[in-house]
Structure formats: C-alpha cells, structure tokens
Amino acid sequence: MPAMVEKGPEVSGKRRGRNTAASAASAAASAASAAASAAASAGTASASAAAAASAAAAPNNGQNKSLAAAAPNGNSGSNSWEEGSSGSSSDEEHGGGGMRVGPQYQAAVPDFDPAKLARRSQERDNLGMLVWSPNQSLSEAKLDEYIAIAKEKHGYNMEQALGMLFWHKHNIEKSLADLPNFTPFPDEWTVEDKVLFEQAFSFHGKTFHRIQQMLPDKSIASLVKFYYSWKKTRTKTSVMDRHARKQKREREESEDELEETNGSNPVDIEIDPNKESKKEVPPTETVPQVKKEKHSTQAKNRAKRKPPKGMFLSQEDVEAVSANATAATTVLRQLDMELVSIKRQIQNIKQTNSALKEKLDGGIEPYRLPEVIQKCNARWTTEEQLLAVQAIRKYGRDFQAISDVIGNKSVVQVKNFFVNYRRRFNIDEVLQEWEAEHGKDETNGPANQKPVKSPESSIKIPEEEDEAASVLDVRYASAS
C-alpha cells in the first residue's frame, strides 16, 4: 500500500488532463478510506477530515489524492495540501486542461493603411464644433429671459449665451450658475453691424435707444463708444452730393412757387396792419412790397400744408391706412422695409465710391515707367560725333538741344566739341548752311563766345580722334 501511494504522483503527472469520470470517482473513494485509517491511528481527526474533504473536492487531481492518502500524520497532510493547491492553480492557468488553438480564438487585425489614417485625421480637423442646437422642451419665454439675464448681468451676447446653454444640455439653472465663472470676449463689430449702425444713425441721429432697436445685441454704452470712434473716420459728404442736393432743393422750390402762383387764393395773402398807412405810395413801389409779402406767405403755407421734402401720400395708402389699425401698421412696416433697403443700397454705393476714390488718390505715379538717366561720358565715339554734326546742322548753336539729342554729353562738352573738332568736321560750313537756311538774326548763341574749358576736355586720345575724323570726313564729303 505505501509503495502504490508513492507512485501515485508520477502516474497522475503522466495522465494529467486525461482522467475520466470513473477514475476520478475511484480515486476519491480510496483517498477517503486512507484518510479515515490515518485519522484513527494518529488520533488527529480534524487534520484527517480536512485532508479527506480537500481530496474529495478535487477529484481530477491525482497528486492530491495520492499525497492525502500517504500522509501518516498531520504534518505530512499539510505538506501534501500545499503541493496539491499549487498543482491545481497551475492547471487553471493552463486553461483547464489545454490551449485554445484555432481561428476562432485569433484576433482579426486589419491591414495598415496610412492613406486611410491621414484621411480620418483630416476629417476630424475639418469637423466644426456645434455650439447651439434648439430644444423643444425650452419655451421661447424662458429662452428670452435667460438671454436677457446673460446680457444685462454678465455681458454675454446672444451667441455666447446660447453656447453656454448648449454646453449644459439646455439646463437653464446650470447655465445661469456657470455664467459668472467666465469672462465673455470683448464686443466685436462686424461689417454688417457697422453698416446697420450707419443706416440707423442716418435715420435717427444720436437717438441711441432707437438705434438699439436695429442692433438689439449692442448695449447703449457700446453704441456710444462706437459712435465716437466712428465719427472720426467717416468721410464727409462730397461736393457732388451737396451740389445735387442743392439743385434738387431749388427745383422743388421752383415747382412749389409755380403751384402757389397758379392756384393761390387772394385771401391767403397776409397784410401787415402797420403798412396800411402806406397806401398813398406810387404804384411803381408797391409791386416789390406785395411780392415780398407773397413770398413770405407762400413759405409759411408751404411749411404748413406740404409734407417734408421727398415724402408724398398716395390715395391707395390712405385708404388702406383708414381701413383698420392692423392695415395701417402693415403699410407702415412695408414702407419702413422699403426705406431700409433703399438706404442700404445707397450706403453700399457710397462705400464703393469711397473705395474707388481712395484708389484714384494714388495717381498714376506707381504705374509710370522710370526715367532712364544717362551719365555723361567724356569720350566721343564715332556715332556720337556724327550725331553731334547732324545736330549742329539742325539746331545751330543751341547747345542745350544738341546735348539733349546726344543724351550723354553736357552743354560744356558740346561747346568743347565745337572748338576741338571745328576744322576736322568743317563745323563753320555747317553753321553757315544753318544760318543761310534760318537767317543770321535767328542765331541762338554768340558766335564769338569762347567755351569754358572743363577738365574733361583735356582728355584726348590722338589715335581715336584721327580715326574718327577720317571716317567722318569721308562720310560728310560723300553726303555733301
């Protein structure tokens, strides 16, 4: 019996993982009987009972059964319990009797696609951030009250207040509690806000509470601050606009005078009682007095009876306004909308004109080609000498004109050319031809005046002068 018990661990180690239900049951029974005999001989009932219970609880472990049966006393039973527990834990780590092999246990790893990864990152970058989405659970009254509190107490505009509300998932209480924790961005004026302010200012002037009706997002303090920064940069009315306005005013006044003269009533003429004593004045002097009174009465009647300039009343509008109160408000609203649209067009046209004027103020200087300034050269080439002789034939002693024709020679150098090359190019004969053609009285320079010699005239190259003189003598002789 002891020998068989010692071989138990080896056998159980070789057959690990392949025990059947029958072998497990027989092993459990033998282990229980061995534990009972050991407990009776040693007198340690508690230790043997614990060993038997552990052996019965693990029927698949042959090592536990053999060690528990071979324990002669309590100490050996405790050692066999520790070894059996380590074996069972190793079996559990190995998956309860085998490895999980097969395609059903493998993870599906996709292929690496860098283009797809870059596309996903680009899509994430291009996605915008949602800052507001309406919710049906919120009523318009609560939403307006929340926006008003955010504007008045904390300085938020409508977009910032709605963004805070959307961040807290449309919870007004949390949003109101979180509003003091942040400082809103400074008030910024967009192009549309500036255009609306200019239109409202043209309508209402400095009545800022009426301007605020067209810009409800702006406070009166913000409107006043923007007004003082805007009025310094706005362009004044052009002369053309003032002239057109003046002509229109004169035309309207002439039309009003014609209407008053054609359909005037003598009763409308007001006569000052203090002037009744002047009835004995000759009739030649009464005409301008009556005309003056007539003009004054016409101005008073026109101011009383006619609407402001540019305004008129149509019969259809009067009938629609007199029908009921709602129709009157509708007509007035339509007229206001038309007026606003027309003034917007005017403002856009003025802005376009001002931009074009700014472009015209620069002039054409940036587009002008730069003038090429030639430096004066002391040496006379063959072409320059021939050109100088031809210029003398055309302009005579006009040294400035000859200098301009040559381009790179000053007036002093041209005078020195007269002296140095007088004999070689027969300049005297050329001057005689010019005088015969234009007359001696039209000579434009003193013939006896000696030219001022400059340091540049002292530079002479004999070989070049002889060569140029020979070439020009041949050309001039053939031409003559």
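Each residue, glycine too, has its Cβ placed from N, Cα and C.
In Swiss-Prot this protein carries:
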| type | residues | note |
| --- | --- | --- |
| COMPBIAS | 272-282 | compositional bias 'Basic and acidic residues' |
| CROSSLNK | Lys116 | SUMO2 cross-link |
| CROSSLNK | Lys291 | SUMO2 cross-link |
| CROSSLNK | Lys460 | SUMO2 cross-link |
| DOMAIN | 97-183 | domain 'ELM2' |
| DOMAIN | 184-235 | domain 'SANT 1' |
| DOMAIN | 375-426 | domain 'SANT 2' |
| MOD_RES | Ser121 | phosphoserine |
| MOD_RES | Ser254 | phosphoserine |
| MOD_RES | Ser454 | phosphoserine |
| REGION | 1-105 | region 'Disordered' |
| REGION | 72-251 | region 'Interaction with HDAC1' |
| REGION | 238-308 | region 'Disordered' |
| REGION | 290-378 | region 'Interaction with KDM1A' |
| REGION | 436-466 | region 'Disordered' |
List the Cα distance (Å, whole number) between Ser254 (phosphoserine) and Ser121 (phosphoserine).
74
Kindly state the mean pLDDT of the domain 'SANT 1' (184-235) in the predicted structure.
84
Determine how many residues of the domain 'SANT 1' (184-235) DSSP places in helix, in strand and in coil.
32 helix, 0 strand, 20 coil
Tell me, how many other CB atoms lie within 10 A of the CB of Lys116 (SUMO2 cross-link), whichever protein chain they belong to?
11
At a 10 Å cut-off from the C-beta of Ser121 (phosphoserine), count the other C-beta atoms across all protein chains.
10
